[in-house]
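In what follows, a single structure is set out as structure tokens and then discussed.
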Amino acid sequence: MGRSRSRSSSRSKHAKSGKHNKKRSRSREKERVRKRSKSRESKRNRRRESRSRSRSNTASRRERERAASPPDRIDIFGRTVSKRSSLDEKQKREDEEKKAEYERQRRIRQQEIEEKLIEEETARRVEELVAKRVEEELEKRKDEIEREVLRRVEEAKRIMEKQLLEELERQRQAELAAQKAREEEERAKREELERILEENNRKIADAQAKLAEEQLKIVEEQRKIHEERMKLEQERQRQQKEEQKIILGKGKSRPKLSFSLKSPD
């Protein structure tokens, strides 16, 4: 099935290549015909220039003849009376020259028309002959062209497969590199988070240690204050007892009273 598709595609390619070859052959033949047409056109232009020069030479010759001829005599009625026969012959000769020139121009135009028709017919026949020969040559080389087309198709397939595999390998390498970069980025983020957590834990531990130390200081201060209060209370009670003893006369001599406050450490 694939073989038939490849053959049909090769035939279509073969037909296309045959058309391109025909077009190139036709274009080359048209170029040659165009060059021949230009050559003939230049020849016709040279002929026209030659005719125009001959006409100008004839006119100048006639002017010189008129200037060289003696003036005719004129009668009382204003008519020329001398050399009438020579003038008639001259006029007749001029008419014959005009007719001959006209006939020559007509033949030249006829020849140009015939040459153009021959040129067109030749170009048409050459084009048909070239197309026929190209078609015959393509038909002869049909199998060879098909084999060459199949070879090029297989080569193109191998090249495309190789390029596809290379592209897939490049994509795989790119994906691996991207994955590695993502893993490195995630690892760096984890390390940064761990460092931040460790720093925070250290700060919390330092803060807790400072807080515990402050609490110990506060407890120690409270203990000292409590001890001082107890001492003051004991001293106050002792003094009250002594005052009561004095008041009640239990003692023989009145003791000296002393009050002292200890400053907290």
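Note: Cβ is positioned from N, Cα and C throughout, glycine not excepted.
Per Swiss-Prot, the range carrying the annotation motif 'LXXLL motif 1' out of 149-153, 164-168, 204-208 is 164-168. Annotated range for motif 'LXXLL motif 2' in Swiss-Prot, selecting from 123-127, 128-132, 193-197: 193-197. Same-chain neighbours of the motif 'LXXLL motif 2' (193-197): none, counting only residues six or more beyond its ends whose CB sits under 8 Å from a CB of the stretch.
Residue counts for the compositional bias 'Basic and acidic residues' (229-245) under DSSP, helix first, then strand, then coil, are 17 helix, 0 strand, 0 coil.
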